[in-house]
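Visitor: Got a structure here, written out as structure tokens. Questions coming.
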Amino acid sequence: MANEISLKQRKTSKKSNEVSKLSEADLADSINSSIIAKREVGDGAAAENEVEYDKNTDHKDELEKPIRSIYFRIEIDVVFLLLLLLALATRLYKLEEPNYIVFDELHYGRYVTLYTKGIFFFDAHPPLGKQLLYLAGQWAGYNGNFTFDRIGSPYSDSVPIRALRLVPAVCGSLLVPVTYQLMLEICTYQFTAILAAALVLFENCFLAQSRFMLLESIQILFGLWGLLCIIKSSRKTGAASVIWLCVGAFSLGCCFSVKYSGLYTYYLATFLVGRQMWQLIGKIKSMLKLFLSCLWRFLILICIPLAVYISVFYAHLNMLPKAGPHDSVMTSAFQASLQGGLASITRGQPLHVSHGSQITLRHSHGRTCWLHSHAHVYPVRYADGRGSSHQQQVTCYSFKDVNNWWIVKRPEQSSLAVSQPPDVIRHGDVVQLLHGITSRALNSHDVAAPVSPQSQEVSCYIDYNVSMQAQNLWRVDIVNRETEESTWDSIRSLVRLVHVDSGSALRFSGRQLPSWGFHQHEVVADKAISHQDTLWNVEEHRFTKAEDRRERERELVTAEMIPTTTPRLSFWDKFLELQYKMITHAPDAPVGHMFASEPAEWPLLVRSIAYWLSPDSNAQVHLIGNLVTWYAGTISVLFYGVLLAVYAIRQRRAYQDLSPRASHKFYESGYILFLGYWLHYLPYFFMDRTLFLHHYLPAYIFKILLLSYVIDHVYYILGARENSKSFSHIFILCVIIWLSYVMIAFKKFSVLSYGNTDLTENDLLNLRWKDTWDFIIHKKT
């Protein structure tokens, strides 16, 4: 009984405390309401009891406030770390083997050597990848004294081959965990992301491409990391979104600063940002806010990559101040700005072309050659039966020669000696050009050119005492003039020589003459005077001193130029010219390589590439893919395309096959992976140049990721329906068995990726799963 009374008392006390606390809370609410009411009707000043209450509240908060400190919370993705370690183990294993020049290491090694010596070189791709290789060589103490002469040559001890191969190897290793992170961002499960990373890890073509001084692994890493950052930016808001977008834009700039094929990844990222902006149109009501949101994103996506690209070339041009073997590709002004080379010949020569100037005229666009003539004449009749003028041949010759010299002459003056002061030639002046050795004048007339009959023939006039008269007057049109009174200057003036009688311009046609023209290039007079091949510039220049012809010829043969200061070009002049030359020389890539392949052959892995063959055994390196993954990836692209069409048609007929979340994942993968594959693959069908299997690798990485997603999607479809749930377990078992075959094939073909195993003839025949694979076999005697 006492216990019951005690229990009742405790309950009563508890209720009393609760009522008391409630009353205090009500009182506080009442006070706050009173304060707010006073604020609303007052003059804005704090009431007396309001200030006092705030002081008490602040004091109470200070007593209850915990002591603050600075904390760092680090989260480690164990799967990411494990994938990275596995990738490093496979890519760095015996990296210095084989100790021979492997495939394109021949070119990139030369570029590293030229960087080390500061000698200018020309390449059709941007220089960032080559600069990274150079930095690795400098870190390892490479002195640049090794000659990269041919594929298969052994490296000397002076070449830090492991360090030079380390940059692609590390990039190829990072590609595996970055693939994992990218798939996690594309709304997939962790299992799917691990599967995608495993397929990249166990892919022989990525293994081989990562172990040598090659650039694809660097380019693909920058591209995928840039896409990952772009996707993360679209998931974030505020400062985090800006930071991720800036990092992504920087990485994408690096991507196409390694190889121009990285532009396809940049286009994909631009599409994703544009799609995000399209979605925001329906969410942001304020037009100003929408405009600003679009503006800052696209400014970042344009300005940062462009700044990276320009900075890379700024470093490139500053690192290469000396003349080198590729100078002839550039204009005379560019060559003259380099230390040595053309500058040692042209510096100190007169600036202004005058009556009596001895000059060489260089074709300024595309192929390098000089206006040339010699004592031989055009044949009376060509192979097609057309007749010629039988005059002295005029050609464009690709080498320096005494027959490249011409003398500028005023038509009304007979003397060729330069007067004092010199009679300067200006824009619009009419001149004659006398060939220095033969003294015959440059001429054109209404006779069809030998190889380009739609244009006029150009010759040096021979007086046969027949009805054909001399038509040897040419008007000087200075294209890059500043005023109408501009002087014709050596090196820097781009001129167009317009034939006065016909109005045609002197043009390099780009075609070669037959054997009677010594296979030199044809020069014609063409009505299309604004064509880029009608531009010429004076490269070498000196004044005529002697009136006697024999003495003048002796001067032309023996004279040397007087050395003096080097002309200067600004960075922007050099940068823009280099961009132009890289574009115009892209079609000049070598053709007819024995391991070349066509884009239509790539999805079926019809051809491989022999990278290296041991001189002593059958050990060799081949760029060859994991056939199990390769064909499964090709099937997945076709399967996804079919699903895309089926879902679209059924959706139009009001069938909902997927849940909203699954539908979002399906189309998100399509926007990124399916589109990414075709965007990196289709352009090669329109390229008129020699192509290799390694050009397919940027597209192939997207195909592998799409394959992983297709497996994920099929599993979802099987598990989403009651009547097919039982098949989902069978499907998982099939995937595991298939993945085991992927690893078996990877292990089997890894001997062709490492190149450090001596293979027998039977070993190679067992690896030749397709008849079109070009394996090389040394038959041992």
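Every residue gets a Cβ built from N, Cα and C, even glycine.
So TrEMBL lists these for the protein:
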TRANSMEM  70-89  transmembrane segment
TRANSMEM  182-202  transmembrane segment
TRANSMEM  214-233  transmembrane segment
TRANSMEM  239-269  transmembrane segment
TRANSMEM  290-315  transmembrane segment
TRANSMEM  628-649  transmembrane segment
TRANSMEM  670-687  transmembrane segment
TRANSMEM  699-718  transmembrane segment
TRANSMEM  730-746  transmembrane segment
Visitor: What same-chain residues lie close to the transmembrane segment (214-233): Cβ under 8 Å, and 6 or more beyond its ends?
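Guide: Sequence-distant neighbours of the transmembrane segment (214-233): 103-105, 108, 125, 129-130, 132, 167-169, 171-172, 174-175, 178-179, 181-182, 185-186, 206, 241-242, 244-245, 247-252, 254-255, 258-259, 261-262, 265-266, 268-269, 272-273, 672, 676, 694, 697-698, 701.
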Visitor: Is it the case that the transmembrane segment (730-746) and the transmembrane segment (239-269) have 3 or more CB pairs under 8 Å, with pairs at least 6 apart in sequence?
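Guide: Output no: the transmembrane segment (730-746) is apart from the transmembrane segment (239-269).
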Visitor: Which one, 70-89, 182-202, 290-315, 628-649, 699-718, has the most C-beta pairs under 8 Å toward the transmembrane segment (239-269)?
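Guide: It is 290-315, which has the most Cβ pairs under 8 Å.
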Visitor: Considering only Cβ pairs under 8 Å, which range in 290-315, 628-649, 699-718 makes the most contacts with the transmembrane segment (182-202)?
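Guide: Comparing 290-315, 628-649, 699-718: 699-718 has the most Cβ pairs near the transmembrane segment (182-202).
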Visitor: Residues sitting near the transmembrane segment (699-718): Cβ under 8 Å, six or more positions beyond its termini, same chain?
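Guide: Answer is 175, 179, 182-183, 186, 188-189, 191-193, 195-196, 199-200, 203, 205-206, 220, 224, 602, 625, 629-630, 632-634, 636-637, 639-640, 643, 662, 665-666, 669, 673-674, 676-678, 680-681, 724-725, 727-728, 731-732, 735.
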Visitor: List, by number or range, the same-chain residues at least 6 past the transmembrane segment (290-315) whose CB is under 8 A from its CB atoms?
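Guide: Sequence-distant neighbours of the transmembrane segment (290-315): 126-128, 131, 242, 245-246, 249-250, 252-254, 256-257, 266, 269-270, 273, 276-277, 280-281, 284, 571, 575, 578.
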Visitor: Same chain, outside the transmembrane segment (70-89) by at least 6, Cβ under 8 Å from its Cβ: which residues?
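Guide: For the transmembrane segment (70-89), the list is 170, 172-177, 180-181, 190, 194, 197, 201.
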